[in-house]
């Protein structure tokens, strides 16, 4: 079925996945709060990433670095001078746009070219396209543009009681630098030999000019990043390894391979630190968007931090007796983006035999579903016994307890939030200690002893 972004956003708000930020005060543009179901979904996504990329990996360990860092970190990394977006203003609407995204949206929506990439174009090239194509402001419908200029994306604040340049610090625009500055600490304390990786999940902040598309692009976002260090010359081999590993992680969580594609960056599109980058993109209802960037960052970051800090980041290879600065492969995934992708991918509207109304269902992998099961007493008279099952299972799983409205409406409600199993406690359950377990996707029902529920859910929800 063709999926509509407005419908998915409406469901997310209605069912408690995502709410507009600061809603009672009119909101704040492109800020979102995760509701009770959204925080469970996102936490499950992060847990699944950590499980496969850190806990079960023979190579990798994790850290949690500070958001606020010494400003010299950003000077060394190049963010103070180079972390900019091309900005253009419409003089009539007074609205500011990212020039590259303005062009890409036009090429996709008007020209039908979903593969056009403006990244890597010079200011002059972008302005020429805007002028030649007659691209207009979506609000004012005029082409009365300023020149394109640089706009630094870092949020600036001050540490201490005085607001002067000596106390100027920044909210981190990426989690990666916290890993690089801790490279020696981790390598020595954990006695790691190459190749090895350091992973992190954490918030980052970018003062994006044109954030949008729900939680796809926001100024405050969460990243799941791995910096994988290897011997120079082996970086492309390891980049290919992590491309496959990342793709397999997505499909193992039921993401449709038909909605995914790998796109290699052209040479003129590569970041200044990269010699090879591949994006895993997902086909959202609004078009293709980057989920995962898998970049070979060479030795750029460690080399720059060595130059600015005076630290020696060379690795002594015990096998060859060489000393060299390791190369780095970075699989960087946006937690909010991939959560949105799983939400879009899971959404479906299905016809139901014997009913004129379609059912809305979220086909989440059970490991990602906010609730693994819902306990449904057939009558409120049975709630006292049914709640005992909830108490038994909720110590191991996220479980819902729902006793209001008809059993059919409760089934539909659980389908709509992606609960894989509904457990109905009826009057026969009082006698035979069995319950009816309904499968979300097939809608098939089986009778099962209450004593077997924990083992059943453990098997069905494992990842």
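Glycine too: its Cβ is placed from the backbone N, Cα and C atoms.
Quick look at what Swiss-Prot lists:
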| type | residues | note |
| --- | --- | --- |
| BINDING | 98, 174, 221, 222, 223, 224, 225, 330, 331, 332, 333, 334 | substrate binding site |
| BINDING | 206-208, 216-221, 290-291, 334-337 | ATP binding site |
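Per-site Cβ counts within 10 Å over the binding-site residues 208, 217, 219, 223, 333 peak at 333. Note: the Cα of residue 333 (substrate binding site) and the Cα of residue 291 (ATP binding site) are spaced 6 Å from each other. Straight-line distance linking the Cα atoms of residue 221 (substrate binding site) and residue 335 (ATP binding site), rounded to a whole number, equals 8 Å. Using CA atoms as reference points, the binding-site residues 98, 223, 225 were checked against residue 335 (ATP binding site), and the closest is 223. The Cβ of residue 98 (substrate binding site) has 22 other Cβ atoms within 10 Å, all protein chains considered.
Within the set 98, 174, 221, 222, 223, 224, 225, 330, 331, 332, 333, 334 that the record links to substrate, no two Cα atoms are more than 25 Å apart, and one pair reaches that distance. The CA atom of residue 291 (ATP binding site) is located 10 Å away from the CA atom of residue 331 (substrate binding site).
Secondary structure at residue 335 (ATP binding site), taken from DSSP and collapsed to helix, strand or coil, is helix. For the binding-site residues 98, 223, 225, 331, a Cα-Cα cutoff of 10 angstroms around residue 208 (ATP binding site) retains 98.
Neighbour density for residue 331 (substrate binding site): within 10 A of its CB lie 25 other CB atoms from the protein chains shown. Note: the CA-CA distance between residue 98 (substrate binding site) and residue 217 (ATP binding site) rounds to 13 Å. The shortest Cα-Cα distance from residue 225 (substrate binding site) to any of the binding-site residues (206, 217, 337) is found for 337. Under a cutoff of 8 A between CB atoms, and with a sequence separation of 6+ in the same chain, the neighbours of residue 206 (ATP binding site) are 153, 154, 155, 173, 219, 221.
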